[in-house]
Structures are given as structure tokens and as C-alpha cells.
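Have a look at the structure below before the remarks.
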Amino acid sequence: MMLLLAQWLQGMSSELGFLRVFQYLTMRAVLAALTALLIGLAAGSWVIGKLMALKIGQPIRGYAPQSHLSKSGTPTMGGVLILLSIALSTLLWFDLSNRFVWIVLLVTLGFGAIGWVDDWRKVVDKNPEGMRSREKYLWQSLIGLMAALYLVFCISENSNAKVLELFISWMRSGFALDLPPKAGLQLPFFKAVSYPLGVLGFVLLTYLVIVGSSNAVNLTDGLDGLAIMPVVMVGSALGVFAYVTGSAVYSRYLFFPHIPGSGELLIFCAAMAGAGLAFLWFNAHPAQVFMGDVGALALGAALGTIAIIVRQEIVLAVMGGIFVAEALSVMLQVGWFKYTRYRYGEGRRLLKMAPLHHHFEKSGWKETQVVVRFWIITMLLCLVGLSTLKLR
């Protein structure tokens with residue numbers, strides 16, 4: 001919005017040439033981060049007060065660690081503050097004609113809506129489990145598949161008109177259309193090496209990345225500040241990749257696929273970082289508010305969608321290693337318990353408790369130790385991911 005306003009004002013008077021500074025992507029990214037940060041800090045206390053007035057307090061599951069019982073009643077659904085800050089800042093500073101930012105915004109808000117319903121049922125219906133798993137996955141799958149079907153052609157072509165033509169060609173070809181190399185699975189540490197996926201393969205991968213990332217971040221959000229800081233770190237790193245893939249010069253120099261328009265995602269990533277830091281101000285131990293599913297599901301979906309657009313799905317798994325570990329810990333715990341119950345008549349556990357952060361709590365780590373150590377690990381993993389920019 002500000003970009004269009006600056007361009008309009010420049011056309012009105014030659015004396016306003018200094019407004020050309022808003023054409024620089026990096027400048028708008030800095031302003032987006034600051035805007036989201038200020039919105040979050042300014043509105044945070046008001047949002048928390050409203051949540052408390054509405055008695056939207058976090059119910060604690062009966063099997064949670066004893067140390068968590070004191071958190072019962074802490075306002076949840078604070079993710080609304082994050083999404084509000086991201087949306088307002090992004091709309092203010094990005095190029096409104098950019099299709100990639102719009103799709104990320106829509107996916108983020110769509111998953112946020114799912115999380116909102118889930119949280120609402122928890123606090124209003126007094127059901128700690130919220131939405132039924134099948135219902136939640138149904139809506140997640142619907143949004144994920146819709147995004148995947150659009151992105152597979154959107155990444156392959158540079159305009160929406162050509163996207164429609166490519167879709168029609170795919171239908172007429174009997175669903176056997178070849179995609180350009182940039183739509184393949186990019187292998188890190190190799191120069192211009194990609195594995196062809198085809199349309200259906202791309203759609204399946206996109207669905208798994210978006211839905212998987214969403215639920216992985218949601219599982220990680222179990223301790224004060226645990227999920228939000230890794231989201232900020234990974235999102236910021238993905239912003240760097242977006243800047244590179246969106247630049248014809250840098251992408252060619254670093255042997256990355258050039259995705260015209262993807263650089264504008266740096267604005268969204270910057271806004272997400274600013275909003276995340278503002279939320280951390282209130283979510284740091286002892287937390288004044290929890291983000292809830294409305295925040296966790298949305299932020300995870302945003303990370304997954306951005307990674308798909310900039311073709312860094314594998315790098316996302318590396319940088320978001322904490323999210324991957326948390327999700328795997330739950331799957332392995334549940335799978336092993338069911339297997340041993342079937343095999344031996346008694347369910348057994350691999351971990352003291354899942355997700356993984358609860359295992360370390362049960363092992364004697366303090367909550368703040370788990371959180372900060374997971375932050376440190378994420379920072380190191382992000383550095384490994386960023387090293388793939390040059391180590392190819």
C-alpha cells in the first residue's frame with residue numbers, strides 16, 4: 001500500500017523523489033519488521049486484557065507435567081495478536097500486485113481460522129482436546145491442497161494468465177505435463193541439481209510440507225516462548241532465501257532457481273519476525289499469554305508455504321529441526337505404544353513423555369533451560385541452512 005502511495009506521490013511532484021527509497025525491498029522489509037513489532041507491543045496489553053475479560057484461559061490437560069498446573073487460566077488465543085500484526089504490516093509495505101505474498105497471507109489466515117475454532121472449543125466448551133483430529137486435518141488438507149494446486153503452476157509461470165494456460169495444458173495432456181526444473185525438489189549443497197516431481201508429486205510434497213509444518217509448530221508450542229523464537233529465526237532465514245530466489249542476479253550467481261516475484265516474501269518474513277518478537281515480550285516465562293492453535297497452526301503453515309515457493313523444502317527441515325524432532329517424538333511415541341500393546345499386551349513408551357520438550361522436563365531440566373537450549377539449537381541449524389547459499 002505504501003509503495004503505491006509513494007509512486008503516486010512521485011508522479012504528482014518531482015520534488016518527492018526521495019520517496020523512491022520505498023522501492024527498495026530491503027528498506028520496506030526493515031519498515032515491515034518495525035511496524036509489526038510496534039503494533040504487537042502497542043496492542044499486546046489491550047489484547048491480553050480482552051482475552052482475560054472474556055475468560056479465554058488455557059485449560060491444562062490432566063496428563064501434563066505437574067509444573068504446568070499453575071498455568072491454568074493463562075489467556076490463550078494470543079496468536080490473534082501475531083496474525084493482526086503480520087497482516088497489517090504486510091498489507092502496508094508489500095507490493096499489492098504480488099501473488100506469492102497473497103497466497104502466503106491467505107494460507108496463514110486460513111490455518112489461523114482453523115486454530116481459532118480449535119481454541120474456542122477448548123475454552124468455551126471446556127474441552128481440552130478442542131477440534132476432533134479428523135475434522136482439523138480435513139480443513140487443513142483442503143487449504144493445503146488448494147494452495148498446492150495453485151503454486152505448482154504459479155511457480156512454473158510468471159503471470160496468472162499463463163498459469164491458467166498451463167493448467168489447461170496439463171488437463172489436456174492427460175495429467176502428464178512436464179514442469180520446469182525450478183519446480184523440482186532442489187537438493188542443497190549441489191549446484192542447480194533438482195529432482196523432477198511432476199504436477200502430482202509437487203502437489204503431494206506441498207501438501208505434506210504445509211500441513212506437516214503447521215502441526216509440527218503446534219506440537220512445539222508447549223512451553224513459554226518455546227515455539228515463537230524458532231519461528232522468528234527460521235522465518236528470517238527463509239526471508240534471505242526469498243530475497244535470493246527473487247533476484248535474477250543473486251540466484252544466477254549462487255546457482256539457485258529464479259522465481260520472479262518471490263523476493264517480495266521478504267516483507268512477510270520481516271513482518272513475521274517483528275510480530276514474533278513483540279509476542280515474545282508477553283510470552284516470555286512466566287507467560288502472560290499463550291499463542292494457542294490460532295497462532296501455532298498459522299505460523300507453521302506460513303513457514304511451509306514460503307519454503308515451497310522459494311524451493312527450499314529440505315532446508316526448511318534442517319533449519320526447523322526442532323519442529324521436526326517434536327513431531328517425530330509424538331509419532332514414534334504413539335506408534336511404539338500401539339505396537340507394544342499389540343505385541344506384548346502392554347503399551348510401552350520410548351520417551352518419558354511426548355512431545356520431546358516434556359521428556360526433558362521429566363528428565364529434570366527446568367522449563368527455561370529447555371526453551372533456551374532449543375533456541376540455541378535452532379540458531380545453529382539456521383546457520384547450517386544459510387550456509388547452503390554458498391556451499392554448493
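These residue numbers are counts, starting from 1, taken along the chain as shown.
Including glycine, each Cβ sits where the backbone N, Cα and C put it.
Copied from Swiss-Prot, the annotated features are:
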{"type": "TRANSMEM", "residues": "29-49", "note": "transmembrane segment"}
{"type": "TRANSMEM", "residues": "76-96", "note": "transmembrane segment"}
{"type": "TRANSMEM", "residues": "100-120", "note": "transmembrane segment"}
{"type": "TRANSMEM", "residues": "137-157", "note": "transmembrane segment"}
{"type": "TRANSMEM", "residues": "192-212", "note": "transmembrane segment"}
{"type": "TRANSMEM", "residues": "225-245", "note": "transmembrane segment"}
{"type": "TRANSMEM", "residues": "262-282", "note": "transmembrane segment"}
{"type": "TRANSMEM", "residues": "289-309", "note": "transmembrane segment"}
{"type": "TRANSMEM", "residues": "314-334", "note": "transmembrane segment"}
{"type": "TRANSMEM", "residues": "369-389", "note": "transmembrane segment"}
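Against the transmembrane segment (289-309), stretch 76-96 has more CB pairs under 8 A than any other of 29-49, 76-96, 137-157, 369-389.
Contact counts against the transmembrane segment (29-49), taken as Cβ pairs under 8 Å, peak for 76-96 among the stretches 76-96, 225-245, 314-334, 369-389. By the count of Cβ pairs under 8 Å, the stretch nearest in packing to the transmembrane segment (192-212) among 76-96, 137-157, 225-245, 262-282, 314-334 is 137-157.
Contact between the transmembrane segment (369-389) and the transmembrane segment (225-245) is present: at least three CB pairs lie under 8 Å, with pairs separated by 6 or more positions in sequence. With a cut-off of 8 Å on Cβ pairs spaced 6 or more residues apart, the transmembrane segment (262-282) and the transmembrane segment (76-96) reach 3 or more such pairs and are scored as touching. Comparing 76-96, 137-157, 314-334 for CB pairs under 8 angstroms to the transmembrane segment (225-245), the maximum falls on 314-334.
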